[in-house]
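What Swiss-Prot says about this one:
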BINDING   54-61, 81-85, 103-106, 173-176, 202-204  GTP binding site
BINDING   SER61, THR83  Mg(2+) binding site
COMPBIAS  222-235  compositional bias 'Basic and acidic residues'
COMPBIAS  236-245  compositional bias 'Low complexity'
DOMAIN    46-223  domain 'EngB-type G'
REGION    219-245  region 'Disordered'
Amino acid sequence: MTSSSPARPPVAAASTPSDAKVALGWLHTAKFLTTAPELKHLPRLDVPEIAFVGRSNAGKSTCINTLTQQHRLAFASKTPGRTQSINLFSLGKQGVTDAVLADLPGYGYAAVPKEAKYRWQQVMGNYLQTRDNLKAVVLLCDPRLGLTELDEILLDVLRPRVEEGLKFLVLLTKSDKLNKTEAAKALSIVRLQAGGGDVKLFSSLKRKGVEEVAQHLWDWAHPPEKPAKKPKAEPAAEAATGDEG
């Protein structure tokens, strides 16, 4: 698959993971980068990309806006299922991009024509399977519904890449609508559905889980550098043989 390759933004050196305050300050640098109706229109990037996915009305745009502390960075259409583009947002201080957030269209809204649904299933599947710089996926889910059939299909698509090291997190949004007993039950059920994957409660209204998720995003985008391999020692020179004349 080929795609256009616009000029790449400058890339920052890897940073050391720090506390949630640093992570939130970094997320606040988010700026709109580009939008693409199809995968082939996305720019090729060398920085880590973190994708947000989920059903329509799962609170995806609100979650992104809360994490970045910006009111309208991610646009939430008044008509669920209307947004049908992948939106990228650059992250990085002093104009140096060191990661990108990807806001994928919500899925599962009944009023969307079947043709559009099928096209977006293909686009999302191709994106999740082939996007080279994709390092992590955040799946947003309404805990009152649990993971739906479409969510579980998405998990199946992701599973091979997760086994290869792709980071994955399920966020139970709107958790402020649950009491403690309901929240604990929702966590248990979704953890089983997600095959033991990482699942957390999140509430934009109560700011529950915001700092913890921000720290996850920071750590995924700034993995510790692997220690450089020591060069192999040169074989000792063999002693010269024979008499010198």
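These residue numbers are counts, starting from 1, taken along the chain as shown.
Note: Cβ is positioned from N, Cα and C throughout, glycine not excepted.
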Query - Number of other Cβ atoms within 10 Å of the Cβ of SER61 (Mg(2+) binding site) across all protein chains - result: 22
Requested in this report: Can you check how the pLDDT averages out over the domain 'EngB-type G' (46-223)?
Outcome: 90
**Report entry** Where LYS60 (GTP binding site) falls in three-state DSSP terms
**Finding:** helix
Query - Pairwise CA distance, SER61 (Mg(2+) binding site) versus SER85 (GTP binding site), rounded so that it is a whole Å - result: 13
Requested in this report: Translate the DSSP assignment of GLY54 (GTP binding site) into the three-state scheme.
Outcome: strand
